[in-house]
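Step one of this worksheet: look at the structure below.
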Amino acid sequence: MKKYYNKIFAGILIISLAIVLHISILSIKYPFIGANVKITDEGEVVVTEIDPNVWAAKAGVKIGDRILKINGSPAVEHFPTTNYGVLEQVFSLRLDHNGSAQNIYVQDSIISHQGLFLNIIPLTFFILCLFCIYFIYKTNKKLKLDSAFLLNLFLLTIGLAYLTSLGSARGDLFSRYVNLTLFLLVPVLYLHFIYQYFLELGKKLFNKNYILIGYFIVFSNLTIEIFSNNLYSLNKAINLGSFFVLIILTFVLKILGLKKVRYSEQEYFVKVIIITNVMAFSPFLLLYVLPYLIFNKTYIFSPTILASFLLLIPFSLVYQFIATKIYDIEFILGRVKYYSLLAVIPTFFCVGLILLLKDGSENPTYYTVKLLILIYLTMVAVFYFKEILDYRFRLKRFSEKYNYQDSIFKYTQSIRKATNLSQVIAELKKTITDVLLVTEVHFIEYEKVKYRAINNIVLTDTEFQHYENEINKAVEEIGKVIELDKGFVLNVGETEDKSYILLCLSMLNTPRLTRDEISWLKTLSFYTNVSLENFLKIEELMHHLEKIEKEGTNPAWLTKLLFSIEEKQRSNLAKDLHDSVLQDLISLKRKNELALAEFHHSPEQLGAYLEDMNENMTKIIKTTRETCQELRPQLLYDLGLVKALNKLVAQYQESASFAIRLNAGKFSINVDIDTQLNLYRIVQELLNNAYKHSHAQDVLIMLVCIKDKIVLHYEDDGVGYDQENISFNTETMGLSGISERVKALKGTMVIETSVGSGFKVVIEL
């Protein structure tokens, strides 16, 4: 069937051009009169309605005038008058106006207000539809899609429907049949195109039987029109009712179809066609069809004017079918809703002013000046009020699609937890994909013509060449946004020799970025650039330290720090030796001198001096051994942690006034020597703290292994501390050193204490 599409469409196009020629001749031959009539019971033709700004109104025809003759023949014999109740296809009129007979000859120029609306605009619209058809034909020449054929058929139908309304309005029977058929085919072909378009994309929006029902409604209306030609009013009501049903059917099916394509690439397209459908048909339905059906053949606006809204449908479909970059219709609608809401009160206010100031006896010049001043002041107030609203509701305006400020706040909160550059970029990608219509984001480090992608995403040379020009433009400044057919390029940071680019792509042609979205992307870029600079500096520092470590040299500040720590340890060791071993040696030397002095005078006291010296030497040896043990517990290296702790407890037990219980018999886990040494130092610090400050009677120390965790439990019944005022920087308590060692081992420490209730600490590693 596809190979015959071109021939079929060519035949339809030739027939359409013939219809256009017929309508054009008809429009030139018979100017549009714009008057409705009715035949009374007495057989008289009376004018019942006159359209404004048309020939009948300008020629002086009034409602209630009796039409005597049309084109020299009795009015009741004129076909458009008797069958359609319209005063059309007229060259001359003879009418009775308030008992006075008048002859009026119809003359009107096409180049006039009437000619513009009734001839030029419909013809121009048809030509534009032909241009769109040609453009679609050129783009679809190789693909030969069924949807393209249906779209062209739809464009031709809506163009002809608008054009043939000129002939139908003039009472031409052929134009009436063609216009009715095409008028009802518009929503049906529209529905058929949408069905076929999504079917080619692999999505079935609704059952095809609904389309067949639509075609059946069209055929039924045409049949009724042909075989009941004298029931014009009833037929028109049936036609408008059928059109209303078809529009509602189209709208409902698209809403149901939207649920089927939700969270897919086609969701946005369905939203667009639903919105354009509402914008195109709502004025015609609300301001003409419904008032005509409900309020006894009256309407608010002429269908000639309201039909112009239908132009939104073909142009929006063609635009989305062939465009590479479309405007974001949700953003536009958001702005329209926002300004529509603002315009409600000023509109009523202006209408009220016009009604109040309207006075037939007043000078028209004064009336115009007063109206000008009041409307001007009203507009000033509106703009001022808008500024206040924008400020008060700046966090979430009615016109915004998303709360961009809230997303920026969440992004800044998330990057605070990031520990490297990759995490920052990952959060940025997530933020962009959550808000904008993009499906994949590539991070590129750009250096002249070299590039590198991270996070396991590698762009091929062909892909890079495809976007190379846009990337070169984006590197000019931070926050630069360059739009693509299916996404955009964003500069998120730079250094002296590199630029950091995000290439954001989508499966479909994305809409143009709105002003809010561009501003939001720029803000994200500036925040990201600050984080990038910080992490890049940290990475440079880490690379520098690694380089120094490999080379075996340390920076001056690190060398100074190491020397400072070394000197502090030397000072502590010198202080311990001076206060203990050195003082004991000085005392021993003094006793030795006294013993030598008394050797000749009192030999019997020499033995006592020697015994005392021996005891002092024993103490010195013990003190020296304890100092060495404290500096380097050799027993820990030789026999392990448990033996070393037993030895440590025994040493404190000799001099302490409290009882110490050590429970470490079941500790059998193998740990590295550094962990053992830190545990030893922690216990040593706790015992030292108890010895100096606790005044305890009993001390309990437990070292166990529970589920691969090392648990150290210390408890005493001493004076305790005020837990709220405990400072880990208090060196006298030794808690600072314990806390730092626990942190170094990536463990936790829990302290429970109060004044007079002892001290307990549990450490888990």
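Positions of Cβ are set from backbone N, Cα and C atoms, glycine also.
What TrEMBL lists as domain 'PDZ' is 22-77. Feature annotation from TrEMBL assigns domain 'Histidine kinase' to 679-765. As annotated by TrEMBL, transmembrane segment applies to 7-28, 116-137, 149-165, 177-198, 210-231, 237-256, 268-294, 300-324, 336-357, 369-389.
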With the greatest number of Cβ pairs under 8 Å to the transmembrane segment (210-231), the stretch among 116-137, 177-198, 237-256, 336-357 is 177-198
Would you confirm whether the transmembrane segment (177-198) and the transmembrane segment (116-137) meet the contact rule of 3 or more C-beta pairs below 8 angstroms, pairs 6 or more apart in sequence? no
DSSP assigns the residues of the domain 'Histidine kinase' (679-765) as 29 helix, 29 strand, 29 coil
Here the mean pLDDT of the domain 'PDZ' (22-77) is 78
